[in-house]
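A.B. asks: Here's a structure for you.
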Amino acid sequence: MKMATSTRVVVGLIGSMLLVSASVASSMPLATDFHAASCPQLESIVRAAVQAARAANVQVTAGLLRIFFHDCLPEGCDASILLEPELSTGPNQSLQKNAVDLIESIRAKVHAACGPTVSCADIIALATRDAVSLSGGPTIAMPLGRTDSLEGADDVSMLPGPGSSVDALLTLFNTRALSDPADLVALSGGHTVGKASCDFIRDNDDFTRSLTRQCNASPSKKTSLDTITPDVFDNKYFVALKARHGVFVSDQGLADHPRTSGLVTTFAANQTAFFAQFAKSFVKMGSIPGPKGEIRRNCFRPNSRLDMDAASFGAVADE
C-alpha cells in the first residue's frame, strides 16, 4: 500500500533529522538558556509535573535524586539509566518506579508542546532540581543541552553502596571530576530526604540497633536517612551525623574522616553554606559528559528501536 510506504519514508526522515539535531546539540556546551528558543515552556511544564507528583507522594524527591546520581556517576548524565540492561542491573533494580515513570511522562508532555527538542537527560536534571527546591532546598540554575545515550550501561559496579568507606567514595568522586571533598559531603546531603531498607542500617551501636528494631517492626520495612526532618530538604542530616545518628556506614563515616568531618560540622551549623555547596556540586555532577547521543522520542527506548518497530508495523500494514 502507498500509505504504508509513505509512513516508512516519513519515519526514516524523522529519524535522520533527529540524529542530525542530536549531533549538533551534543557538540555545544551546556547552558541554562539552551532551550529558551526551542522550548520556552519547558521549565514550567517540568515544575508543574514534579509539583503534582510530590503532592501524590513526597518521596518522589528522593527517587529523582537517586536516578540523577545513578545516571551520572557511571558514564555521565545521558539518561542511559532508563534503558536496559542498566535499568534492571544491580542497585538500579530498586529505583523508585513512580519517579522513573515520571521522567517519561514529563518527556511526553514536553515533546507534545515543543517537539522532540529536549533530551530525557535534561528532563532528569530539571525534574530533580525542581524536586529539591520544592522540598525546601536551594534554587539551582541548571545548565542544559545534554543528549541521550544510544544504549544502557551493562556495568554499574562503580555505584557506591551504603557500606562504602569514605576513602573509597573520595576516590570514586575524584574519577568523576568531583575532586573537592565538599562535593562528596554536600551531595551526600541529598540523603536528607531519603529512605532505606532495614538491611542497610549500619547496626553497630545502641542508636542503630534500636533503629533496626523499629524499622523491622514498621509496615514499610524502611527507615529515614534523616531522623530529624525526613521529608524536608535541609541541613538536619548533618545535625544527625554530629549526634552520631547516621544510618549508613558511608553517612556516619563523613563525620569521622579527617577530610570530611570539618565540612559536616560546617553544614550542620550553617544551612546556607550547605545549600550553596549542594547547588555547586549538583551542577558539577550534572555536567559530567556522556557519549554523543540523540534526543530520545521515548525515554525507555533508543530511537533506532522505535524506527525499527515503526518499519515493522509499516511492513505488516503493507501486506
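For all residues, glycine too, the Cβ spot is worked out from N, Cα and C.
Not my notes, these are from TrEMBL:
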- Asp71, Gly76, Asp78, Ser80: Ca(2+) 1 binding site (BINDING)
- Cys39-Cys114: disulfide bond (DISULFID)
- Cys72-Cys77: disulfide bond (DISULFID)
- Cys120-Cys299: disulfide bond (DISULFID)
- Cys198-Cys215: disulfide bond (DISULFID)
- 29-303: domain 'Plant heme peroxidase family profile' (DOMAIN)
- Arg66: site 'Transition state stabilizer' (SITE)
A.B. asks: Based on Cα distances to Cys114 (disulfide bond), point out the closest of the binding-site residues Asp71, Gly76, Asp78, Ser80.
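C.D. replies: Checking each of Asp71, Gly76, Asp78, Ser80 against Cys114 (disulfide bond), the shortest Cα distance is to Asp78.
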A.B. asks: Name them in sequence order: residues not among Asp71, Gly76, Asp78, Ser80 whose Cβ is within 8 Å of the mean position of the Cβ atoms defining the Ca(2+) 1 site.
C.D. replies: Cys72, Pro74, Glu75, Cys77, Ala79, Ile81, Ala121, Ser149, Ala153, Gly290
A.B. asks: Find the shortest Cα-Cα separation between Cys77 (disulfide bond) and the disulfide-bonded residues Cys39, Cys120, Cys198, Cys215, Cys299, and name the residue that gives it.
C.D. replies: Cys120
A.B. asks: Per residue, counting other C-beta atoms within 10 angstroms of the C-beta, which of the disulfide-bonded residues Cys72, Cys114, Cys120, Cys198, Cys299 reaches the highest number?
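C.D. replies: When each Cβ's neighbours within 10 Å are tallied, Cys120 tops the list.
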A.B. asks: Could you check which of the binding-site residues (Asp71, Gly76, Ser80) sits closest to Cys215 (disulfide bond), going Cα to Cα?
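C.D. replies: Smallest Cα separation from Cys215 (disulfide bond) among Asp71, Gly76, Ser80: Asp71.
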A.B. asks: Within 10 Å of Cys299 (disulfide bond) (Cα-Cα), which of the recorded positions Cys39, Arg66, Cys72, Gly76, Cys198?
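C.D. replies: So far as Cα distances go, none of the recorded positions lies within 10 Å of Cys299 (disulfide bond).
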A.B. asks: Would you pick out, from the disulfide-bonded residues Cys39, Cys77, Cys215, the residue whose Cβ has the largest number of other Cβ atoms within 10 Å?
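C.D. replies: Max Cβ neighbours within 10 Å, all protein chains included: Cys77.
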A.B. asks: Relative to the Cα of Cys39 (disulfide bond), which of the recorded positions Arg66, Cys72, Cys198 has the closest Cα?
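C.D. replies: Comparing Cα positions, the candidate nearest Cys39 (disulfide bond) turns out to be Cys72.
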A.B. asks: Just to verify a number: CA distance, Cys72 (disulfide bond) to Asp78 (Ca(2+) 1 binding site), in angstrom, no decimals.
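C.D. replies: Rounded to the nearest whole number, the Cα-Cα distance is 7 Å.
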A.B. asks: Taking 10 A as the limit, how many CB atoms besides its own sit near the CB of Arg66 (site 'Transition state stabilizer')?
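C.D. replies: Excluding its own Cβ, the number within 10 Å is 22.
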A.B. asks: Run through the Cβ atoms and count how many others sit within 10 Å of the one on Asp78 (Ca(2+) 1 binding site).
C.D. replies: 31
